[in-house]
Structures are given as C-alpha cells and as structure tokens.
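What TrEMBL says about this one:
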BINDING   Cys115, Cys119, Cys122  [4Fe-4S] cluster binding site
COMPBIAS  329-345  compositional bias 'Basic and acidic residues'
COMPBIAS  347-360  compositional bias 'Basic residues'
DOMAIN    101-320  domain 'Radical SAM core'
MOD_RES   Lys327  N6-(pyridoxal phosphate)lysine
REGION    321-360  region 'Disordered'
Amino acid sequence: MPKEAERGDWRADLRASIRDLPTLCRRLDLDPTQIAAGKRAAASFALCAPHAWMELIEPGNPDDPLLRQILPTTEETRIQATFGPDPVGDRHAEQTPGLLCKYPGRALLLVTGACALHCRYCFRRCFPFATSLNHRDRALSAIRAIAARPDINEVILSGGDPLLLNDHSLDWLLRALDGIGHLKRIRLHSRIPIALPSRVDDNLRALLTGGRLPRVLVVQTNHPHELGEAASAALTRLRADGITLLNQSVLLHGVNASPEILQTLSERLFALGVLPYYLHLLDRVTGSAHFAVPLATCVKVVEQLRARLPGYLMPRVVAEQPGASSKTPLEHVQRQQQERPDQGSRSRARNRLANRRARV
Ligand SMILES: *Cc1c(COP(=O)(O)O)cnc(C)c1O
Ligand code: SF4
C-alpha cells in the first residue's frame with residue numbers, strides 16, 4: 001500500500017490547477033486584454049487546467065492548440081443559431097438520474113460532474129449535473145436498474161470524469177458492477193491520463209486491474225502535443241497492466257482540423273499502446289461555434305487522413321445525432337445533407353422538442 005503522503009499527490013495537483021484568467025495570462029505571457037475578453041464566458045463555464053496541461057502550452061502563443069481548448073473567449077457568448085444546451089438528446093435518454101440508455105446493450109453512467117480539465121467545446125458543459133450526481137443512493141438506483149436489465153452487457157462510466165472519483169467510491173462502484181452477472185465489460189471514458197497523469201498511481205492501477213470484468217479505457221486526445229512525458233508514461237503503465245486503451249478525438253477548428261496533425265496523433269498514440277477509436281464531429285453545444293469545421297472541410301480532411309494511415313490507425317469518423325441507435329458515420333451525415341438540405345432546421349426542431357420534454 002503506498003504511503004498516505006504519496007496517495008495525496010494527485011489531489012494536490014488538482015487543487016493547484018489554474019482556475020482564473022489573470023493567472024493564466026501571466027503564466028503564459030499572454031496579452032492581458034484576453035482577461036477582460038473571456039470573463040463572461042468563464043462565468044458560465046469556469047476555466048480549469050492542471051499544471052501538467054499548462055506545461056505543454058507554448059508561452060506567448062495565443063493560437064496554441066492546447067490553449068485554445070481551455071481558453072474562455074468572447075466568441076462563446078455570441079448568440080449562435082443551431083447551437084443549443086443539449087445537442088445530443090442526453091436529457092431525453094436518462095433512465096434513472098445519471099443513467100443514459102441510448103444504444104442497445106450499453107448503458108452510460110454519469111458518475112460525477114467534475115473534470116480535471118474544462119474543455120470549452122464540451123457537449124456536456126450545459127448538462128444539469130446537480131440533478132444527476134453520484135450520491136451513493138443515486139449510484140445505487142442506477143446499479144439496481146442495470147442489474148434488472150439483462151440486455152445490458154456493457155456499462156460505460158462517464159461524466160464529468162469518472163477517474164476523479166476517490167479510490168474508495170471508484171472501488172465500490174467497480175465491485176458493484178463486477179457483481180452483476182450479465183455484464184461482460186466495464187468501459188471508462190476519461191481524460192485523466194492526459195489531463196492529470198499523476199492520478200494514474202499504484203492505487204488506481206490496482207483498482208482498475210483487480211476485478212472480474214475486462215476494463216476498457218477510452219481516453220480523449222485531440223492533438224499530439226497533449227502526449228507529453230507524464231501522459232505518455234501514464235498510458236504506458238495502464239497498457240502494461242493489460243487494460244485495453246482506445247482514444248477519441250473531436251475535430252476542432254484551430255486545434256486539429258488537419259490531416260498532418262491527425263496522422264501524427266494516431267501514430268503517437270499507437271506508439272503508446274493506444275488505438276484510435278472515434279473522431280467526433282463537433283456536437284453543437286451553446287458556446288462552441290468557434291470550433292466548428294464546415295462539413296465539406298471535414299470530408300476533405302478525413303479523405304486525406306485515410307490515405308496517409310494504415311486502416312487500423314484510422315479513427316471512425318462519427319457524429320452523434322439525437323434519437324439514433326448508434327453514432328452516425330460521417331458518410332451518413334453527408335448523405336443526409338445532400339438529400340435534405342433543410343436537415344439543420346429539422347434537427348433544431350427536434351432539439352427544441354427534446355428540451356421541452358426534459359423540462360416537464
Ligand atoms: C457514445 C455513447 C455510447 C457508446 O457508444 P459506442 O459506439 O459503443 O462507443 C453509449 N451510450 C451513450 C449515451 C453514448 O453517448
Ligand atoms: S474532460 Fe470530457 S467531459 Fe470533461 S470538460 Fe473535457 S470534454 Fe467535457
């Protein structure tokens with residue numbers, strides 16, 4: 001058992017995260033007018049970035065791809081038609097508080113609203129976590145619901161970031177899931193190995209490797225610069241523990257919408273034992289319009305990427321559409337656009353309907 005002091009390390013790292021614009025600008029040698037500019041955006045979704053992330057940003061470069069992912073800007077507060085608070089219909093898919101069942105066989109459990117890194121494009125930035133949180137009784141009712149559904153064979157722990165749970169809660173949750181006979185896999189969706197690599201300590205590794213069910217960890221990396229020394233070491237350790245590692249990315253304007261960058265990302269991930277899983281088109285959540293890549297550009301980038309990579313390093317390019325029974329492949333999105341150029345307004349209407357349902 002590691003010593004108490006050692007155990008506290010990642011919590012200290014989390015507490016020491018940068019959480020305000022003046023500190024961020026000072027630390028990165030940025031123009032202080034940025035401070036005033038992003039203040040309103042930061043009031044609705046706070047800035048938060050651990051030092052492990054900050055260290056990978058190039059000082060003095062306002063266009064740094066890692067900075068762009070976390071920097072609150074005025075662009076977020078503009079009115080954005082076709083962008084809404086629940087672009088993927090999550091609220092409509094809630095079975096018990098925090099348990100989303102959208103796709104056959106899989107249930108997604110939102111175990112916490114907290115994240116180590118606050119990504120400005122996050123589709124759950126508007127999710128009402130206050131009502132979906134992991135108080136033990138909420139988790140219990142989710143576990144009971146899963147136990148009563150033999151058709152569910154995989155549980156996905158998500159959030160927020162499930163690896164921000166303390167060891168005790170995570171252990172309890174994983175054991176409870178290990179005890180449900182009809183489950184075949186536990187999947188965790190987490191950005192922690194990248195955003196707060198010190199969390200991947202011996203205790204966490206023991207927790208993740210101990211149980212009956214195979215663990216699949218899907219991390220999120222959008223740019224090769226995110227894979228610094230600490231993150232790389234964390235991933236290598238997890239892989240050595242026999243955990244299946246996959247990566248998802250979001251295609252983001254000003255961050256990674258280039259075949260060169262995405263090629264490098266896939267190759268770097270492979271070298272660390274991580275296979276590319278999904279490349280998501282942006283979910284149109286309020287405040288994220290400045291990250292949107294036009295569909296024609298997405299198609300071009302993806303075509304060029306496909307030509308550059310062996311098939312097994314090519315992520316599946318998908319969008320999430322409310323009401324669909326799986327993620328939607330890019331080719332389908334493209335076809336929908338060609339067949340129904342008014343698709344945008346239809347999905348807006350559907351979103352409005354879903355939002356109205358969520359309120360009653
Ligand atoms: C994305 C998602 C899943 C997982 O989908 P896979 O295609 O299996 O990765 C499951 N449930 C919900 C609600 C999701 O949004
Ligand atoms: S880590 Fe994931 S859930 Fe958390 S803010 Fe970033 S994208 Fe959203």
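Using N, Cα and C of the backbone, Cβ positions are placed for all residues, glycine too.
All TrEMBL annotations are machine predictions without curation.
Fair warning: this is a prediction, and the values are worked out from it, not measured in the lab.
Feature annotations (TrEMBL) mapped to structure.
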residue: Cys115; record: [4Fe-4S] cluster binding site; DSSP (3 states): coil
residue: Cys122; record: [4Fe-4S] cluster binding site; DSSP (3 states): coil
residue: Lys327; record: N6-(pyridoxal phosphate)lysine; DSSP (3 states): coil
Inter-residue C-alpha distance, Lys327 (N6-(pyridoxal phosphate)lysine) and Cys122 ([4Fe-4S] cluster binding site) (nearest angstrom): 17
Neighbourhood of ligand 2 - recorded positions from Cys119, Cys122, Lys327 with Cβ under 6 Å: Cys119, Cys122
Local confidence of the prediction over the domain 'Radical SAM core' (101-320), expressed as mean pLDDT: 94
Cβ under 6 Å from ligand 1: qualifying binding-site residues of Cys115, Cys119, Cys122: none
Cβ-Cβ neighbours of Cys122 ([4Fe-4S] cluster binding site) (radius 10 Å): 20
